[in-house]
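Record features (Swiss-Prot):
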BINDING   Asp8, Asp139  Mg(2+) 1 binding site
ACT_SITE  Asp8  active site
BINDING   Glu67  Mg(2+) 2 binding site
ACT_SITE  Glu67  active site
ACT_SITE  Asp139  active site
Amino acid sequence: MTLILGIDPGSRITGYGVVRQTARGCEYVASGCIRTGSGELHERLQIVFRGVSEIIAQHGPVTMGIERVFMARNADSALKLGQARGAAIVAAAEAGLEIAEYSATQVKQAVAGTGGANKEQVMMMVMHLLKLTQKPQIDASDALAIALCHAHTRSSLVPHGLSTARRRGGRLRL
């Protein structure tokens, strides 16, 4: 049994999802959003860092999947997103978690079967795979999808010894 944290980073809303990976598949543990409000950027980044740290302390995941930054039309937004990712990554690294990064296309492919899936399709598959009866918040749904993608990737890497080989070395880029 492995607890996996998925993070959908954002400078205003960061989604998180925790799943338990067992031999039978994945089970829902928790999800939600870290809302940073409209303060100064450094204050919002501190809220992301503390929020992720609290989630790790509360649930005890051993590994984290996080979405990579995509190049947005607005460079300022992409920079802020990258900084929020950094705050979440540092929180996970401080706690000793294995960290893996995934593109949005990889997450959609792993969860919905196609890299072109829309947010509603991803959410419906997350609900189906985790047997959820209520729709999670969209950012939490994305984070759960990232956690499921990470679980799927770990399942295919573990038989080859790749997951544990990189555990202490920091980020595992896929």
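Glycine is treated like the rest: Cβ placed from N, Cα and C.
Keep in mind that what you see is a predicted model, and the values were worked out from it rather than measured.
Features recorded in Swiss-Prot, as mapped to the structure shown.
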residue : record                : DSSP (3 states)
Asp8    : Mg(2+) 1 binding site : strand
Glu67   : Mg(2+) 2 binding site : strand
Asp139  : Mg(2+) 1 binding site : helix
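The binding-site residues listed here are Asp8, Glu67; among them, Asp8 has the most other Cβ atoms within 10 Å of its own Cβ. For the pair Asp8 (Mg(2+) 1 binding site) and Glu67 (Mg(2+) 2 binding site), the Cα-Cα distance reads 6 Å. Residues within less than 8 Å, Cβ to Cβ, of Asp139 (Mg(2+) 1 binding site) and separated from it by at least 6 positions along the same chain comprise Asp8, Gly10, Ile13, Thr14, Gly15, Cys33.
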